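Scroll down for the structure; my scribbles are underneath it.
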There are 2 protein chains.
Amino acid sequence: MIHNGPMAEEGTLTSGTHTDVREPIGEEHPICRLRDVLDRVGDKWSVLIMDLLGSGPQRYSELHRSIDGISQRMLTLTLRSLERDGLVDRTVTPTSPPRVDYALTPVGATLSDQVAALIRWADDHREYVARSRGRYDTARDGTP
Amino acid sequence: MIHNGPMAEEGTLTSGTHTDVREPIGEEHPICRLRDVLDRVGDKWSVLIMDLLGSGPQRYSELHRSIDGISQRMLTLTLRSLERDGLVDRTVTPTSPPRVDYALTPVGATLSDQVAALIRWADDHREYVARSRGRYDTARDGTP
DNA sequence: CAGTATCCTTGGTGATACTG
DNA sequence: CAGTATCACCAAGGATACTG
């Protein structure tokens, strides 16, 4: 049985104590530990940012301009949680106007590599997926 | 500039014509093509299912029992889109009661491998992330 | 068993405005 | 420049009930 729900609330991870309120679930599948990364990789913006930072540090405004359609709110929020997870470093240069640079941490870089692999997969199988969808949909539309 | 919005609606992929209504954006970053996979990997259930199927075909009811907390609705929906993308095969044995087996397609297996790599990453860096969060949070709570 | 149909909630997201 | 704060929305997802 894979437990998928929020098995570890912020407090559980934060507190330092790993007191599991629920039954032990780690033995059967490592998936339950995956949630964090998945949520990281899953949301729209994290991956974009991880990729962008993969080619070097970027300023807040550079990221904002580079990522079409992201709001300041989401950019900040995403960067914050990336920083919180130890995946990106935030460097403030208290000039005026202030300057803030974001860069991958060493660990963040390794995740960035995984993301890159995923991107490559997506690229390699882009057409396959498109054709699969085409076939699936026409099969449903064609013979109703 | 990375375009992230829904650049290709279902219809665009489905129709077979790749008439891009928007400006050409593929040159700058391959990210825009990634959305499909990301959405696949990103949502709660697809990854769980891909992993489960990685160890062999499973019946609907097996998946349902194996994945704690998933509703029939979401299980069906997720399996359908996985099938639509050509990542899993659905085999109906029209006995009574009916029996339906799900298995990874060859291509689905390769994505499953990527997912497995991600899982490994998550496992390897689980503690690191937890401690990063701990430090980040106590830094905020400790000095308010 | 393996779904489909329906209703309803919630939180992730965008838009907007303000600030050190 | 690099954020923070607030509001408002709506689609993803859960709960429940029904069916071939």
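Sequential numbering from 1, following the chain as shown.
Every residue, even glycine, has its Cβ placed from backbone N, Cα and C.
Lifted from TrEMBL, the feature list:
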type   : residues : note
DOMAIN : B:32-130 : domain 'HTH hxlR-type'
REGION : B:1-23   : region 'Disordered'
Residue distribution over DSSP helix, strand and coil in the domain 'HTH hxlR-type' (B:32-130): 65 helix, 16 strand, 18 coil
Overall pLDDT of the domain 'HTH hxlR-type' (B:32-130), taken as the mean: 92
